[in-house]
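J.: From TrEMBL, here are the annotated features:
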SIGNAL    1-23  signal peptide
DOMAIN    55-179  domain 'Corticotropin-releasing factor binding protein N-terminal'
DISULFID  C62-C83  disulfide bond
DISULFID  C106-C143  disulfide bond
DISULFID  C185-C207  disulfide bond
DOMAIN    187-309  domain 'Corticotropin-releasing factor binding protein C-terminal'
DISULFID  C239-C266  disulfide bond
DISULFID  C279-C320  disulfide bond
Amino acid sequence: MAPTFKLQCHFILICLLALRGESRYLELREAVDHDPFPHLAGGASPKRELEGEPLYRRALRCVDMLSLQGQFTFTADRPQLHCATFFIAEPEEFITIHYDLVSIDCLRGDILQVFDGWILKGEKFPSSQDHPLPTTERYVDFCDSGLSRRSIRSSQNVAMIFFRVHEPGNGFTITVKTEPNLFPCNIISQTPNGRFTLVMPHQHRNCSFSIIYPVAIKISDLTLGHLNGLQLKKSSAGCGGIGDFVELLGGTGLDPSKMLLLADLCYPLRGPAQMKVGCDHTVLRMVSSGKHINRVTFEYRQLEPYELENPNGNSIQEFCLSTL
């Protein structure tokens, strides 16, 4: 099984546990866990549309995960009341969701709603602290806007739709495409291993890179503009009082603002900084004042089972291990 598809299955199992009981604005209520649907264990391996090739097409399931461009159709065969599709692109891409055809009954309580990011069990990615829009503006509700907003573009490499369809035979068709993002910010990694450089050029915003796996992470290069020509002495108070810094966070949920701070960096590196994080979810987060050009380069790999069973010293946090 391809690594990307393994990651999709991992995500789908998480997603299934979070959907039942979701309301029209899902950040207002906690979901109730329920058993995964058995038919979601299989599926076609994802493939990306190549230039000149026909558009990839397939049907959507009630709970689905997509990492490819194409045209996708959902048709209810019975009342489907708790459905969602999670979209993930490459780190350097935006996602555009275009409504081709919609046949739902809003007056009966049907829902078709795009969310800019991901939301699970009341937790959002990107967090409210890191997203450029307030939470209410991250939803685009078809039953409010109709086809006046036929195309919706995400602010990062992930997006999702929530939908509820009561009448069998009703549903919708969407086309999903991606476009380049020159300065990617707030990313969920498609793979458990990789290397990335996060750059923030004179923008006052926070950017997170999320890996939904226990990982070993190594920061090989850190450039913070406030360090140019200035050597700072490390303070016991950490980086909180400095406008530009990098945090390493760990936890079990989706929202970086609710994770535990494992380390922060705002001073020159004297060599690679590395750490093993045994959490379900690891996030590297850059906080930028907008006064400088900041850059951090890092690589990461999924921890092997033996590394989780036999942690070396205190490199793997005990609070994370207890939740695995």
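Even glycines carry a Cβ here, placed using N, Cα and C.
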J.: Let me know how many other Cβ atoms fall within 10 Å of the Cβ of C62 (disulfide bond).
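T.: Counting Cβ neighbours of C62 (disulfide bond) within 10 Å gives 22.
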J.: Cβ distance under 8 Å to C106 (disulfide bond), same chain, sequence separation 6 or more: which residues?
T.: F142, C143
J.: I'm trying to understand the geometry here, so how far is the Cα atom of C266 (disulfide bond) from the Cα atom of C83 (disulfide bond), in Å to the nearest whole number?
T.: 42
J.: Which whole-number mean pLDDT does the model give the domain 'Corticotropin-releasing factor binding protein C-terminal' (187-309)?
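T.: Within the domain 'Corticotropin-releasing factor binding protein C-terminal' (187-309), the model's average pLDDT equals 86.
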J.: Cα distance, C207 (disulfide bond) to C83 (disulfide bond), nearest Å?
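T.: That comes out at 29 Å between the alpha carbons.
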J.: How many neighbouring Cβ atoms, not counting its own, are there within 10 Å of the Cβ of C83 (disulfide bond)?
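T.: Looking across every protein chain shown, the total is 21.
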J.: Express the distance between the Cα positions of C207 (disulfide bond) and C239 (disulfide bond) as a whole number of Å.
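T.: It is 16 Å, counting Cα to Cα.
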J.: Give me the count of other Cβ atoms within 10 A of the Cβ belonging to C207 (disulfide bond).
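T.: Result for C207 (disulfide bond): 24 neighbouring Cβ atoms inside 10 Å.
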J.: Name the residues of the same chain, 6+ apart in sequence, whose Cβ is under 8 Å from the Cβ of C239 (disulfide bond)?
T.: F245, E247, D264, L265, C266
J.: In the domain 'Corticotropin-releasing factor binding protein N-terminal' (55-179), how many residues does DSSP put in helix, strand and coil?
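T.: Final tally across the stretch: 15 helix, 67 strand, 43 coil.
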J.: For C185 (disulfide bond), what residues in its own chain, 6 or more apart in sequence, show a Cβ-Cβ distance under 8 Å?
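T.: Within the chain, C185 (disulfide bond) has Cβ neighbours under 8 Å at Q156, L198, M200, R205, C207.
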